[in-house]
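> So that we are looking at the same thing, I have put the structure below in structure tokens.
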Amino acid sequence: MAAASFLLSPRVTLPLRRGSRLLVSCSATSSSSSSDAAGGVGFQGRVGFLGLGIMGAPMASNLMKAGCDITVWNRTKSKCDPLLSLGAKMAPYRFESSPARVASSCDVTFAMLADPESAFEVACGANGAAEGMAAGKGYVDVSTVDDATSKLIGKRITSTGASFLEAPVSGSKKPAEDGLLIFLTAGDESLYKRVAPLLDVMGKSRFYLGDVGNGAAMKLVVNMVMGSMMVSFAEGLLLSEKVGLDPNTVVEVISQGAINAPMFSLKGPSMVKAAYPTAFPLKHQQKDLRLALALAESVSQPIPTAAAANELYKVAKSLGLADQDFSAVIEALKAEMQSSQH
Ligand SMILES: NC(=O)C1=CN([C@@H]2O[C@H](COP(=O)(O)OP(=O)(O)OC[C@H]3O[C@@H](n4cnc5c(N)ncnc54)[C@H](OP(=O)(O)O)[C@@H]3O)[C@@H](O)[C@H]2O)C=CC1
Ligand SMILES: O=CCCC(=O)O
């Protein structure tokens, strides 16, 4: 893993305000931005979108609203309906749709799938996107997967002559709806530049991190920190209650100090009420911790806090909380508290 290269040469755009971006740091790559390109959002061609879950649906919808020509596919067909009513297409009209058919009818295809298994299946399986790829086309995988899976997908896609970019995102349901995601890209740099106008519709900033695998690794590091932070926060809320403090006041105190994080202010009040409306499913947070642990193992790096947090998310899954928001991990702590009292 070429850690030094991505530490030294991030290519980052930060928002001045929506639709206006400042290039703060350039690598040796071109500094052209979306506004240089002609037409609409600055991308000409047909865009495919595979995977219309919590994240994929608003991302594709923002591309539609920006005037892009979008063709969608989702395993559960009914999830295409809201996009179709906005004017998206299913490809091709006479046949059963598939990732391969979307890819063959589009210039660039995005994929936002649940996990490494589904990302691989949709890209490389039977009727997968790779079957519809060819020279001149691009595949952008925005799912959160491990670096090995991303490299396998990249290898299969590029074997067709097409280009590959991994581009997992930081930011959850609301940033996806608001077009404020952070893209962690790596892979083919020309494809990165080509799709930059599309990334700018869906996001507020983008990092180009070099070789395939670096984007996946960056995403796993960030989500490893986030998963542990959430467990620590949950412990604090429960401990405060146990010693007679108001956990709402804990949320307020934290929000004013150095450990303030939007996540705490956003999720804290509902956690106190034991409500976990799903933005980031708990099963995906546990998947990311599992993948981060494997990443750490591959370089013999101890991550004991993340390992302990992972155990708690596993308990939460076994309690039936997999599809709740990941903040529901607090329920696993409550369950452990109860069982230790008996
Ligand atoms: N939610 C969040 O806050 C964030 C999520 N992520 C990451 O983005 C990715 C998507 O997350 P999110 O949208 O929340 O997840 P969802 O669970 O809402 O959506 C998952 C998508 O993957 C599809 N899928 C799952 N298994 C298969 C399969 N075997 N074959 C084909 N398609 C499959 C689902 O199809 P179907 O509808 O048929 O089930 C659905 O379109 C994950 O990797 C997640 O870790 C990244 C940043 C934030
Ligand atoms: O992968 C999910 C990330 C959620 C977030 O960044 O808020």
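Every residue gets a Cβ built from N, Cα and C, even glycine.
Feature list, courtesy of TrEMBL:
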DOMAIN    46-210  domain '6-phosphogluconate dehydrogenase NADP-binding'
DOMAIN    213-332  domain '3-hydroxyisobutyrate dehydrogenase-like NAD-binding'
ACT_SITE  Lys219  active site
> In terms of DSSP three-state secondary structure, what is the assignment for Lys219 (active site)?
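In three-state terms, Lys219 (active site) counts as helix.
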> When you measure from the Cβ of Lys219 (active site), how many other Cβ atoms are you left with inside 10 Å?
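A 10 Å sphere around the Cβ of Lys219 (active site) contains 29 other Cβ atoms.
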> Summarise the domain '3-hydroxyisobutyrate dehydrogenase-like NAD-binding' (213-332) by DSSP state, stating how many residues are helix, strand and coil.
89 helix, 2 strand, 29 coil
